[in-house]
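The transmembrane segment annotation in TrEMBL covers 26-45, 57-75, 95-124, 136-156, 183-213, 233-255, 275-296. What TrEMBL records for 37-293 is domain 'G-protein coupled receptors family 1 profile'.
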Amino acid sequence: MGNASDTSALFASTISKEHDFFMGSIYSVFCVLSLMGNCILLLVAYHKRSTLKPAEFFIINLSISDLGMTLSLFPLAIPSCFAHRWLFGEITCQLYAMCGVLFGLCSLTNLTALSLVCCLKVCFPNHGNKFSSSHARLLVVGVWCYASVFAVGPLAQWGHYRAEPYGTACCIDWHAPNHELSALSYIVCLFLFCYALPCTVIFLSYTFILLTVRGSRQAVQQHVSPQTKTSNAHALIVKLSVAVCFGFLGAWTPYAAVAMWAAFGDATRVPPTAFALAAIFAKSSTIYNPVVYLLCKPNFRECLYRDTSTLRQRIYKGSPQSNLRECQGSNSQHNKDTCISSRFSNGQQESYGACLHCTENAALCHVTPAQRTASILTGSTCREVTVRELSATPQADFL
């Protein structure tokens, strides 16, 4: 009974119901936006798979890891927030925490690898041009292996997973380093190799990129007009550099700061609300990355616009109004093609411009069909007869 009550208390929310409801609502919005953004990004990448560049493999991998986090965390966190407690037991809590660490570290490590590849291609083009799709695939595999080491560690008793201090989610036990050496070593390695090192690499990589772009732009402006493809490419690189850096730091720095406060300070003085707000910022990274690349990558944006236009045309063609218009248009053209305006000897049109289809609806057509006539000269007089009367007229008199 004591263990059951301890477990129940462990998974009970320690923040107010209003805050839990707010978190559940925010997570619901994040879930929908992340599913839409990442699925669209993957769909665009699939359609342009034959023209993917090596660096774009990391964008796809980033979308996969963000989508994995969305599908594994939000469906469990949202109902728990609305229920004001963790609903899914100890084992699911362990798996939830492992998925959060795995996909979160994979996203961060992936951004680090992407920054290195961009730096290599911009700052050292002689070496960067040799970077192929095979190298990109190997780096992607390395990213997953690197993240897996730290995700599986707590399951092997190197560190621990437990409920978050606010009670409705699970993550690393940030209180364990206060009384356990192995947990302390895990937190130290996690902070150094999964936060400090990636931040340093990303900062240095994009600093070198910005310096290289600045020097290259000055050289370009001395020889050609600034409105060139080179300057446009440089501007795009700057935008992506700034966006990725701020996205990385903005999403994960609050959580890292609160976690280090709990791990190396007095954990009892860290308010649960601080962990809850930091978790919201961290999970916002799942919607930030697809937005950045869909808006800032011209080839992705053009492909998305083309796919959207094609889908809109297919939907329009399948609508009843479109089918009716096509049917009316084809009938109108057919009617025009079948109308007769042949002229005979008396200079009049057959049926005076009336359409042959009027015979199908006599109530709407009151025009008397014209007779085919011919002029007959008999001696010094000329008279007109119908074509049907020609058989009774001597052929010698026919003019």
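Note: Cβ is positioned from N, Cα and C throughout, glycine not excepted.
Whatever TrEMBL says is automated annotation, not expert-curated.
Looking at which of 26-45, 57-75, 95-124, 183-213, 275-296 has the most CB pairs under 8 Å to the transmembrane segment (136-156), the answer is the stretch 95-124. Ranked by the number of CB pairs under 8 Å to the transmembrane segment (57-75), the listed stretches 26-45, 95-124, 183-213 are led by 95-124. Highest Cβ contact count with the transmembrane segment (183-213) among the listed stretches 26-45, 95-124, 275-296 falls to 95-124 (criterion: pairs under 8 Å). Note on the domain 'G-protein coupled receptors family 1 profile' (37-293): its mean pLDDT in the predicted model is 85.
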